[in-house]
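Reading through the structure tokens given below for one structure.
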Amino acid sequence: MPSEPTRVLFVCLGNICRSPTAHGVFETLVKSRGLEQRITVDSCGTGGWHVGQPPDKRAASAAAQRGYALEHLRARRFAAEDFDSFDYILAMDWQNLSDLQNMCPKDFPGHLGLFLQFAPELKRDEVPDPFYGGEDGFTAVLDLVEAASEGLLREIAGADTTR
Ligand code: 4NP
């Protein structure tokens, strides 16, 4: 791994359901492996409706049932400067990715892509938006996010994750 921290940004639409879940799950995984000095984590949304708000109560409750705390997070909107500040910018669905690609500088040196590409075994591209659905949608988000977080950590930290 490089000596500088690797900076990871998760992006969804509202930054109150999927990307804060990814933020909390991946950050917890990073800390559990003692890698918090070497990997930093953030999240945001392409839309601005929920800026300043904590995660959706359903997302926080589903996450808490698996031991992840999300309550300290606050929604913010993606900004063009984020391309200067992150090495991995990971979208939850194709629409999020398309919105980011439209803003992405040609010379962006980092990785812009779909989060679930780090869990190819799932054979899915998208973390479905749970906002208008029931509680099971939030549990499904957690299943997908946990799998992709493991894959992302293997990609970034490689052998460091096995110690
Ligand atoms: P998220 O879910 O993108 O996973 O945070 C949504 C939250 C809010 C809205 C849509 C999706 N909304 O339309 O307000």
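Keep in mind that glycine also has a Cβ here, set from the backbone N, Cα and C atoms.
Automatic, uncurated: that is what TrEMBL annotation is.
In TrEMBL this protein carries:
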- 6-155: domain 'Phosphotyrosine protein phosphatase I' (DOMAIN)
- C12: active site, nucleophile (ACT_SITE)
- R18: active site (ACT_SITE)
- D129: active site, proton donor (ACT_SITE)
| query | For the active-site residues C12, R18, D129, which one has the sparsest Cβ surroundings, going by other Cβ atoms within 10 Å? | reply | D129
| Stretch-averaged pLDDT - the domain 'Phosphotyrosine protein phosphatase I' (6-155) | 98
| Using DSSP, how many residues of the domain 'Phosphotyrosine protein phosphatase I' (6-155) fall into helix, strand and coil, respectively? | 65 helix, 23 strand, 62 coil
| query | Can you tell me how far the Cα of D129 (active site, proton donor) sits from the Cα of the residue listed as 'active site, nucleophile', in Å? | reply | 9
| task | Sorry to bug you, but what's the C-alpha spacing from C12 (active site, nucleophile) to R18 (active site), rounded to the closest Å? | result | 6
